[in-house]
Amino acid sequence: MSGKSIFDKLWDRHVITGDEGQPQLMYVDQHYIHEVTSPQAFQGLRDAGRKVRRPDLTFGTFDHNVPTVNIFDIRDAISKAQIDKLAENVIEFGIDNASHGSDKQGIVHMVGPETGRTQPGKFIVCGDSHTATHGAFGAIAFGIGTSEVEHVFATQTLWQVKPKKMLLEFTGKPQKGIYSKDYILALIAKYGVACGVGYVVEYRGEAIDRLTMEERMTICNMSIEFGSKMGIMNPDQTTYDYMRGRECVPEDFDAAVADWKTLVSDDDAEYDKVIRMDVSELAPMVTWGTNPSMGVDFDTPFPEVRDMNDERAYHYMGLRPGQKAEDINLGYIFIGSCTNARLSDLQLAARIVKGKKISPNLTAIVVPGSRPVKRAAEKIGLDKIFKDAGFEWREPGCSMCLGMNPDKVPDGVHCASTSNRNFEDRQGFGAKTHLCSPAMAAAAAISGHFVDVRRMPEVQ
């Protein structure tokens, strides 16, 4: 009998009833909510006369609609209604939360790990497609729809069909200037946005082992852009060191670690699909089109038109085959989002811009992903470095990742963005998004166009 993967072990721990291959009822350990996908679910509970079954396993955040200049100046009526309704709902149903304006406020996929609620072995859901972020800790974590949010509220369970398993092994040692964002963008560019459909992706290999937890979260975050709603990594000493001392970790932390160590994949675990990628061959990545697979490394020209999707993307972006990333005339820079707004991301960008000025006629903003990150960054002077360089230093929130709050890219303007999606109109009507690492975004802010960060002395 073959061994089990970490996913197998966690799945088996959480099955309540049902046969494999059919929908199985799964127990949910942690339910994260935010203001956009929860209002209808709460109303469904009221209409049925139900309560939240386990408010102690539910945690709320305010992030998508929150302004980042004056966080309480919410002028859009729908955004304000969603914020106000979540504030009412968490009180009515007795749910702990990182309230709007509190010292814990931030993006849901940052607040969970920061508070220690995200832990190895847990089954985690949230009404948000980037919930796979939490899989970096050795948890099953994925996004759900609003009707499923209501089901979890009412029962603390969810019906799911077990997905197939993919092993994705990152090998080799990267060149300087290559980061985990480049790993995942290169993977998606090579294999497409549908490769992971129907699979849980287990990321493994020496290149993963060397990453910090913040870098690992970046990779798991974009599992959904690879087509998989779940990404997972084996917990290790890096995981435990990150978690130790955080607010919500188990009181007997050493005993918890002893259990977590049993959850890693067995050497003889079997997978339905295996992909290997050598990161030593990677160059800095930039997207040119309107989905995350439309990307190239800095050394490679944009591809020829292969189909109608390419033709439409080139038309929307105002680009053409044969151009290169350095030819893009940038007008905006966005460093933020649940993909790349952690302290290490801001430190990396600050090293590059320190003592310099952003290019004229360019707008550049930095949005820490949470208030703890903002405080930590200010404590070591990162805010001053960015402001001296001409960046706007904002309050935490989802910000310019999506056009759901005041932070939008103007129509027709190209933006270098550390976020996760480059769809048409994602950052605002007519916005032209180019996904990249924090290093590439910071360097582009200074030059006004993309440059090869491998050549910069500030880059390690």
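Any Cβ shown, glycine's included, is placed from N, Cα and C.
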Which one, CYS220, CYS248, CYS338, is listed by Swiss-Prot in the same [4Fe-4S] cluster site as CYS398, CYS401? CYS338
Near CYS401 ([4Fe-4S] cluster binding site), which residues of its own chain have a C-beta under 8 A away, given they sit six or more steps off in sequence? PHE334, GLY336, SER337, CYS338, THR339, SER417, SER419, ASN420, ARG421, ARG426, GLN427
I need the most crowded of these binding-site residues: CYS338, CYS398. Count other C-beta atoms within 10 angstroms of each C-beta and give me the top one. CYS398
